[in-house]
Amino acid sequence: MAVLKVKFTKTKRDKLAQILWILNWVSVVSGIILFSLGLFLKIEIKKRNEVMAKGDINSVPNMLISVGVIACIINFLGGKICYDCSDANKFSRWKLVMLPYIVCTFCFTFCILVGALMCYTMRNELEESLYLGLRDAIKFYKDTDIPGRCFLKKTVDLLQIGFRCCGNNGFRDWFEIQWVSPRYLNMASKEVLDRLKSNIDGKFLVDGVPFSCCNPSSPRPCIQYQLTNNSAHYNYDFLTEELNIWMKGCRQALLDYYTGIMRSIGIAALLIWLFELSVLIGVRYLQTAMKNVLLLGDLEGESDGWLLENSFVETAKYNINIIKNLGKTNQISTVSGMNDPNINVQNTDCDKTNITTKSIPAAR
């Protein structure tokens, strides 16, 4: 029994073909939107590439870009097919193409759904990439004279100013690394030498942060050095007073930024998926209705259209049997004991030379 069977008159078939022709052109625009969203996300990730570890974070924008290009091609072809389906004579040219086209379009719409869901599932990969990338960027913050790392100080400073953040997880990350370049340390100073000798690695560690961590909105001048020393500043208690530096870590700030972008892109991709799915359903109805018209032979009469010719269970069983039988044809079994028509066949005397032949009668 057909699933969701609908009866179509010639007028309804013509209107459905015209509506689907318009919707396919709208779908071309939706493909351009998907391509643009993927390209935008790829550019945004590329902007902060220096503070991100290499990983699979580009899989989502690449997926959206690919799906957007395929959407434009498939929907352009779908518009041409639906336009010709208004004429039964022209439909005969597409009759064999329609079903493979519907199957390919179904797989394509599934890819849109996967791309939309990936926007919500890549948060963990993005967080790990940001954590590792920011950790290395802060670690090499002081290496302003080393090629390949000299740009990291400017990158981190602009990042902290732009996103109003400090450190990887927070401002205390700066306490655990030497972020002051050795070229600016006075090795003749006893204080500097004592700090270098105070830890095993011989690093110049201070309870301070770079200037880019300062909050310009604070009424008090920025306290970026000796943050944990109350006696170093007038009327200051770092345990109770709100510090005038950014408190949020840059990893969380960037994660919130990209999560907001991907959430918006995911919603847009889901809406496009629902729209493409509705167009696909309409194309399926048009294909079955036109096919039945040709079978009935009455181009002006009514015809039935459906989503599935048989029930879901029967259709599933049929497709499973097709998959199981794939590759079974034209196979030669090499297992001993298998029935082979050439086995146990008696040898014929192929080498006989005394074969009786009919003589050709002489002409009279």
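A Cβ is built for glycine as well, from the same backbone N, Cα and C atoms used for every other residue.
Just so you know, TrEMBL annotations never went through curation; they're auto-generated.
Remember, predicted model here, so these are calculated numbers, not experimental data.
Taken verbatim from TrEMBL:
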TRANSMEM  20-40  transmembrane segment
TRANSMEM  60-78  transmembrane segment
TRANSMEM  98-120  transmembrane segment
TRANSMEM  265-286  transmembrane segment
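Within its own chain, the transmembrane segment (265-286) is flanked in space by residues 6, 8, 13, 16-17, 19-20, 23-24, 26-27, 30, 33-34, 37, 41, 64, 71, 75, 78, 81-82, 85, 98, 101-102, 105-106, 108-109, 112-113, 115-117, 119-120, 305-307, which lie at least six positions past its ends and keep a Cβ under 8 Å from the stretch.
Long-range contacts of the transmembrane segment (20-40) within the same chain, counting only residues at least 6 positions beyond its ends with a Cβ under 8 Å from a Cβ of the stretch, are 60-72, 75-76, 78-79, 82-83, 85, 112, 115, 265, 268-269, 272, 275-276, 278-279, 282-283, 286.
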